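Asks: Can you keep this structure in mind? I'll have questions shortly.
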Amino acid sequence: MKKTPELIPDTDSANNASQLISETLLSIKASYLAIFQNWRVWWILARQDIQMRYRRSAIGPFWISISMAIMIFGIAFLYSQIFDIDFKSYLAFLGASFLIWGYLSLALSEATGILIESEQHLRSVPIRTSVFSARMVFRNVIIFCHNWLVISCVLFYTGVPITPALLLMPFGFILLILFGFFCGMFLGPITLRFRDVGQTTANFVQFAFFLTPVIWMPSQGRLDSIWLLINPFYHLMEVVRQPLLGKYPTADNWIYACLTVLGVAILANITDVVSRKKIFLWL
């Protein structure tokens, strides 16, 4: 009788899969280590960006803050009468909303160009995408801090109470920072390959502005509550806006904000691994 040949496990496929996973994890680890190893690079570049943008200006980035304050007072004066609500309460809501939305919109808009604007650096020195994403985030954090000084005066003027909920504000802002960072790692390489993504993102940000409670309060909108529940920008804003207004964000706000950051982080890591060896070809 003939013996049935034994099935030999395909060890080569298993080894290749294991090696691929190992290389992927090492690549992701290297991207995050590059942020700490090259912290002087993104620190200096971000400061240079601010200095070049407002060169020879007497008050520098505070022009953004002044423009924001004028727009907030104008909108509050007009819409408080249209919506028939208290001027000061609406002014406080607008101040906190524009402060946060200003950061989010800048993060999304500038995330698409982090590699395009850094073409000369990429051609001369091999630098990870994460470093340029950190540059963009730190630049926007500087602008956020300038705006915060003006908005804090608005909140003080409107009499917003200082409560223990304010202690939650830094944790919410950390989520905003992570969101902006991962958006840069995700959108930067994609826009470098497909240049139309930049304009598409800019139009999307404008569209999201009107569907997110920025100039209108959630209690005033006629949109279904389901839309607010699935709107990621609403939750990202609430985890910072509510503590600024002396209130506590809901558990849903924290859960959906964290899930949003996690989802963008997964997309960012996938994009970083896939595009790492192709970035120079796309320049």
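Even glycines carry a Cβ here, placed using N, Cα and C.
TrEMBL entries are annotated by machine, without manual review.
OK, TrEMBL features for this one:
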- 42-243: domain 'ABC-2 type transporter transmembrane' (DOMAIN)
- 58-79: transmembrane segment (TRANSMEM)
- 91-116: transmembrane segment (TRANSMEM)
- 137-160: transmembrane segment (TRANSMEM)
- 166-188: transmembrane segment (TRANSMEM)
- 200-219: transmembrane segment (TRANSMEM)
- 254-274: transmembrane segment (TRANSMEM)
Asks: Under a Cβ pair cut-off of under 8 Å, which of the recorded stretches 58-79, 166-188, 254-274 contacts the transmembrane segment (91-116) most often?
Replies: 166-188
Asks: Looking at 137-160, 166-188, 200-219, which one has the highest count of Cβ pairs under 8 angstroms to the transmembrane segment (254-274)?
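Replies: Maximum Cβ contact count belongs to 166-188.
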Asks: How about long-range neighbours of the transmembrane segment (166-188): same chain, 6 or more residues beyond its ends, C-beta under 8 Å?
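Replies: Distant Cβ neighbours of the transmembrane segment (166-188) are 31, 100, 103-104, 107-108, 110-115, 129-130, 132-134, 136-137, 140-141, 197, 201, 236, 239-240, 243-244, 246, 248-249, 257-258, 260-261, 264-265, 267-269, 271-272.
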